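Residues annotated as Zn(2+) binding site in TrEMBL: H6, H177, H181. Residues or ranges marked as transmembrane segment by TrEMBL: 21-41, 73-94, 106-125, 215-234.
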Amino acid sequence: MSCTAHVFSCLSLRLRAAFFYLDYASISYYGFGSTVAYYYYLLPGLSLLDARVMTPYVQQRLGWHVDCTRLIAAYRALVLPVAFVLAVACTVACCKSRTDWCTYPFALRTFVFVMPLSMACPIMLESWLFDLRGENPTLFVHFYRRYFWLVVAAFFNVSKIPERIQPGLFDIIGHSHQLFHIFTFLSIYDQVYYVEEGLRQFLQAPPAAPTFSGTVGYMLLLVVCLGLVIRKFLNNSEFCSKKSTDRILFLSCVFDLKQRPLKDKIIPLSFFR
């Protein structure tokens, strides 16, 4: 979807906004789908979410006589609904970032899409409290390597390095957004690897079969909600920011050099900001 957005973003302002809205929606859709895979294939195997393990652990380490059964049950009941709301909210925030009110749109989008990653916090806590490296080395290595790639990708997406250092030199090859996509792909590769490993372990001894409403039902409902979000923003007359308009005006100046000298065109200063 990102490739489509970049390729066809020059057709018109409305199509540019539509394709990037679809791009944001697809990212949110992928994030929620990852949470569904975690919920059924990875989280059941964690000691952190096993009341028979956590209740004596809390009593021994903290001295608290707490039955963790209800807490863990509440967490399991809230994981998918919270992830669903985050997916819709992230799409709304990213679509809003294309308007003039947002001063730092790339920083906002990076922060927004980091939020759904919090759904993987139980795996991180598992590695801190228990011997995840010894019990599941595949999950441990690929999980942390994935987040390393995501940190690197976020750095390039926000800093705009290297084109900030040498403007014009990296417009075709080596642009920060290209590096962002490369490192994002590496993170997805690691994620797919440990999710497939979790699926293999799940198939050997499935604790509970995934339900239709908890998988296909949620995904179909999310498609409808994201479609309504995109429709709402496209129906808004301010579907693109002034900065986007300035960039397109600048490109029209560049490609119209043969018909009219560049000095006859006005290049808005906001293009260079």
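The first residue you see is number 1, and the count goes up from there.
From the backbone N, Cα and C atoms, a Cβ is placed for every residue, glycine too.
Keep in mind that this is a model prediction, so the values were computed, not measured.
Long-range Cβ contacts of H181 (Zn(2+) binding site) within its own chain (separation 6+, distance under 8 Å): S2, A153. Sequence-distant neighbours of the transmembrane segment (106-125) (same chain, 6+ residues past either end, Cβ-Cβ under 8 Å): 24, 27-28, 31-32, 34-35, 38, 42-43, 46, 48-49, 79, 82-83, 86-87, 90, 93-94, 97, 132, 139, 143, 147, 150, 154, 157-158, 160. Excluding the listed site residues H6, H177, H181, the same chain places S2, C3, H175, Q178, F180 with Cβ atoms within 8 Å of the centre of the Zn(2+) site Cβ atoms. Sequence-distant contacts of H177 (Zn(2+) binding site), defined by Cβ-Cβ distance under 8 angstroms and a gap of at least six in the same chain, are F156, N157.
Here the Cβ of H6 (Zn(2+) binding site) has 15 other Cβ atoms within 10 Å, regardless of which shown protein chain they belong to.
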